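First up is the structure itself, then whatever we jot down about it.
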Amino acid sequence: MSQGGAAGRGTAKPQDQGWAWMVLLAAVVLQALTLGFPCCIGVFFTDLQHEFQASNSETSWFPSIMVAVLHGGGPLCSLLVKRFGCRFAVMLGGLLSGLGMVSSSFCKSISQLYLTAGLITGLGSCFSFQAGVTVLGYYFVRWRTLANAMASTGVSLGFTLWPLLSQYLLDEMGWRNTFLIFGGILLNCCVCGAIMRPLGSLPEPPKPGEEIGSRAEEAQLSNGASPPHATLQQHSRRTTCFQVLQKYLAFDIFCQNKGYQIYTIGVTWMMMGFALPHVYLVPYAIHNGVEERRAALLISVIGFINIFIRPLTGLLSGHRVFTGRRIYLFSLAVLLCGLSNFICVISAEFSVLILYCVIVSIAMSGVGALTFQVLMDVVEMDRFSSALGLFTILESITLLLGPPLTGLLVDITSDFRYVFYTSSFFLISAALFMGLSFCALEKKNKLREASKVPLNNPSRYQYSETPSDPQAEGQPPPAVVYITSI
């Protein structure tokens, strides 16, 4: 019996009061520990290059794997939560994260870091973060929107504090001892998980697929039929695999819903360039003569501004004026991210880089606040979880490939400015693609309505707002929700 699913149907009702606020505090700390952590890797970039005599491309694989697994591990975390519950998933994630960083302190090659810090720590962070977000849906009903908004401030806190702590520890004791300390810090995810106790349980009803399958089997046996055991097992495996893919990877929605199709392609393309400044900004500043401590401060500036701007952006985008127009706000934020990169190309002076951080943090706040809201707008809420599964896996692929390929370009040209040229190309083209495509789709819908041509499948063509607040619809929270860290 899953604790995550049980919480939604429990007889105990401690939501929105008492211990729920302790769970919220734990979720804030979890997001600071997990989502905020990859932002500090750029601080160690130069030291790791010198230690392992690695190229920019080889070194950038390490943070790329970590971020890609953090984003793309959502469906796996969902299965874990459904089977063992949120508390178990969070604590397991804390153990994996700590183990990964402790192991990283003993690595003898950059390829070993790919496994320890990249895969193991990334997967542990994914489990802790996404299970921590899921449990909020059960502890909060009336204040669920507020709880999620407050929990997201943990990301900004992590962005602010991790780089400063990293630079201090790196100066004092080197990267190996710093990674060892990081392993101990990430074990605090287990403490946060211990706080997230389950709410109670009731027996789960049989799943529709399982009920149909069992009835069919009983009918065959009652009629005297005795199909071969191997055939039944093979059919059961095929049915189970199809049901899992249908539930967690919504290929049918991608093929039928034009809005979801455009948005998923646009965000996947955008991710090729979105993470590049996070990985290369500190090395770029150091390469151009900025002191290491001041270079690490740049990422902290982005995180500090996000603490205030992201919630404000979320509240602003929720106003009725922007209903049906959030995709255009999102495209505008992505476009601003792309254009802001040209500031770094103009000059690498510290004051200019600070200006860049201020502008890009405002744009990033818009992207982070709107990413999942737009997805809720283009997909019905009863299929949101499965739509998000495919969405996160596709974006994790480009998150994995973007930094190493750009690092290879820097190795060939010996010019860090190509990082920002490449980032701008992907961000600007993605913004134009999404904005113009949705504009054309909207015009097409208006023409169809004007001509009164009936649509056989309206969801295949239409971009429309769908309710995104489970409480407003009187529905229980989804058993599994996985969210990424944009």
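The backbone N, Cα and C atoms fix where each Cβ goes, and this holds for glycine too.
Keep in mind that TrEMBL annotations are predicted by a computer and have not been checked by a curator.
Owing to the predicted nature of the structure, the values given are computational and were not obtained by experimental measurement.
For 207-218, the entry in TrEMBL reads compositional bias 'Basic and acidic residues'. What TrEMBL lists as compositional bias 'Polar residues' is 220-233, 458-469. Here TrEMBL flags 205-233, 458-478 as region 'Disordered'. Among the features that TrEMBL reports, transmembrane segment is placed at 21-45, 61-81, 88-106, 112-139, 146-165, 177-196, 262-283, 295-315, 327-347, 353-375, 387-406, 418-441.
The transmembrane segment (88-106) shares the most Cβ pairs under 8 Å with 177-196, out of the stretches 146-165, 177-196, 262-283, 295-315, 387-406. Counting Cβ pairs closer than 8 Å to the transmembrane segment (146-165), the top stretch among 21-45, 387-406, 418-441 is 21-45. Counted over residue pairs 6 or more apart, the CB atoms of the transmembrane segment (327-347) and the transmembrane segment (295-315) come under 8 Å in fewer than three pairs, which marks the two as apart. Between the transmembrane segment (262-283) and the listed ranges 21-45, 112-139, 295-315, the one holding the most Cβ pairs under 8 Å is 21-45.
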